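**Student:** Submitted below is the structure of interest, expressed as structure tokens.
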């Protein structure tokens, strides 16, 4: 009888020892697998230089795009400068070597040959359709025209500020602007924008939601339109979508690597939407209208002072993203 009890106790103790040994063996094997896996992951991360992107992604409709830039932090010596000018400037100068001449003059101000790029555009309307600013510093020359004041101010507002934009499905949804920074930006070969404000019952205020002819017209056949309506009120929109793209945009703040030089005109254009604030003229400058050679000489002479009012950056305005990023 006692022999059976001793045997049972012995078997129980041996079982405990065996189970303990098995568990320790499993633990060592799992530790080996886990540590080896982590080692491989770390090694692969170092080799591939992988970046882990979180779920908080930026709005995909941003008109900004990152681009590779080999310049250093030293001002002027290795930065790039883009100078945008209307085609009438080169037509008036009528000299095939005038850009080389300007490059040599910029060299006297500390800008190495090859660091200054000359970008030509047809006119304000054409430039408004798809402005693209790629350099560390961008200076846009706009000749003043009293008949194009609104177009010039809207273009300046677009390129002097950073915007985040989302697509708008105006056939299915009503839209409202939440605050002063919220605007609807339209670009295309011909943009006609009509709006119908709605009351709390989604009935038109002074218009019929089913009849676009009763909508209020805020823009007709324009290339660039920045629409500002009453904040906090839903609107039904009618847009010439075949020739125009509209986006719901939020102004983030100044794009400090861009400056606009107004050529001619009595006063600098005010691009402030709020009539109760002081005119927004940051990085808006003016030179007297003479000959285009005189304009370029003035820019060269004051280029470093102009740059001091700006901030270098390595992101560009690429409005192609306005059309294709959704």
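Every residue gets a Cβ built from N, Cα and C, even glycine.
Note that the structure is a prediction, hence the values are computed from the model and not measured.
Pulled from Swiss-Prot, these are the listed features:
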{"type": "BINDING", "residues": "95, 206, 214, 216", "note": "Ca(2+) 1 binding site"}
{"type": "BINDING", "residues": "177, 228, 229, 231, 301", "note": "Ca(2+) 2 binding site"}
{"type": "DISULFID", "residues": "82-135", "note": "disulfide bond"}
{"type": "DISULFID", "residues": "165-249", "note": "disulfide bond"}
{"type": "DISULFID", "residues": "191-244", "note": "disulfide bond"}
{"type": "DISULFID", "residues": "196-207", "note": "disulfide bond"}
{"type": "CARBOHYD", "residues": "69", "note": "N-linked glycosylation site"}
{"type": "SIGNAL", "residues": "1-50", "note": "signal peptide"}
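Situate these features within the shown structure.
**Tutor:** Note on residue 95 (Ca(2+) 1 binding site): other Cβ atoms within 10 Å of its Cβ, all shown chains, come to 11. Residue 95 (Ca(2+) 1 binding site) carries neither a helix nor a strand DSSP state and counts as coil.
DSSP classifies residue 229 (Ca(2+) 2 binding site) as coil under the three-state reduction. Long-range Cβ proximity for residue 229 (Ca(2+) 2 binding site), meaning a same-chain Cβ under 8 A and a gap of 6 or more residues, is found for 176, 177, 184, 195, 197, 218, 235.
Within the same chain, the residues at least 6 positions away from residue 82 (disulfide bond) whose Cβ sits under 8 Å from its Cβ are 116, 117, 119, 133, 134, 135, 137, 138, 139, listed in sequence order.
When other Cβ atoms within 10 Å of the Cβ of residue 191 (disulfide bond) are tallied across all protein chains shown, the result is 24.
In the structure as shown, the Cβ atom of residue 207 (disulfide bond) sits within 10 Å of 20 other Cβ atoms.
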**Student:** Fill in the CA-CA distance, residue 244 (disulfide bond) to residue 95 (Ca(2+) 1 binding site), as an integer in Å.
**Tutor:** 37
**Student:** Within 10 Å of residue 249 (disulfide bond), Cα to Cα, which of the binding-site residues 95, 214, 228, 231 are there?
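**Tutor:** Candidates kept after distance check: none.
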**Student:** About how far apart, in whole Å, are the alpha carbons (Cα) of residue 206 (Ca(2+) 1 binding site) and residue 301 (Ca(2+) 2 binding site)?
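**Tutor:** Per the Cα atoms, residue 206 (Ca(2+) 1 binding site) and residue 301 (Ca(2+) 2 binding site) stand 55 Å apart.
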**Student:** Using CB atoms and a 10 A radius, I'd like the single residue among the binding-site residues 216, 301 with the highest neighbour count.
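**Tutor:** Output for this query is 216.
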**Student:** Of all the disulfide-bonded residues given, 135, 165, 196, 244, 249, which residue's CB has the most CB neighbours within 10 A?
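**Tutor:** Selected residue: 249.
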**Student:** Can you tell which of the recorded positions 95, 191, 214 lies nearest to residue 228 (Ca(2+) 2 binding site) in space, using Cα positions?
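**Tutor:** For residue 228 (Ca(2+) 2 binding site), the spatially nearest of the recorded positions is 191.
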